[in-house]
Amino acid sequence: APVNEDCLLPKKVGPCRAAVPRFYYNSDSGKCEGFTYGGCHANANNFKTKDECKNACH
């Protein structure tokens, strides 16, 4: 499991309706995966690139 507790937070799309491509760490699969972020009210498990996600969570 990652040392960084942010990586264990659930994926959070948020209430807004933008479609921003982002990555999150999926603690079930143990991988960083893409999702579509709504643009507001993110949690800390939200990364602009897959590499950023991997660096934070692997």
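Glycine is treated like the rest: Cβ placed from N, Cα and C.
Annotated features in Swiss-Prot:
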- C7-C57: disulfide bond (DISULFID)
- C16-C40: disulfide bond (DISULFID)
- C32-C53: disulfide bond (DISULFID)
- 7-57: domain 'BPTI/Kunitz inhibitor' (DOMAIN)
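Overlay of Swiss-Prot annotations on the structure.
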residue: C7; record: disulfide bond; DSSP (3 states): helix
residue: C16; record: disulfide bond; DSSP (3 states): coil
residue: C32; record: disulfide bond; DSSP (3 states): strand
residue: C40; record: disulfide bond; DSSP (3 states): coil
residue: C53; record: disulfide bond; DSSP (3 states): helix
Inset, instruction - Pull out the disulfide-bonded residues from the set C16, C40, C53 whose C-alpha sits within 10 Å of the C-alpha of C7 (disulfide bond). - result: C53
Legend entry - Nearest-integer angstrom distance between the alpha carbons (Cα) of C57 (disulfide bond) and C32 (disulfide bond): 8
Inset, instruction - Give the distance between the Cα atoms of C32 (disulfide bond) and C16 (disulfide bond), rounded to the nearest whole Å. - result: 22
Legend entry - Taken over the domain 'BPTI/Kunitz inhibitor' (7-57), the model's mean pLDDT: 98
Legend entry - Residues that sit under 8 angstroms from C16 (disulfide bond) by C-beta distance, when 6+ apart in the chain: G38, G39, C40, H41
Inset, instruction - Please work out the number of neighbouring Cβ atoms within 10 Å of the Cβ of C53 (disulfide bond), leaving out its own Cβ. - result: 23
Legend entry - Other C-beta atoms that fall within 10 angstroms of the C-beta of C57 (disulfide bond): 23
Inset, instruction - Quick one: give me the count of other CB atoms within 10 A of the CB of C32 (disulfide bond). - result: 22
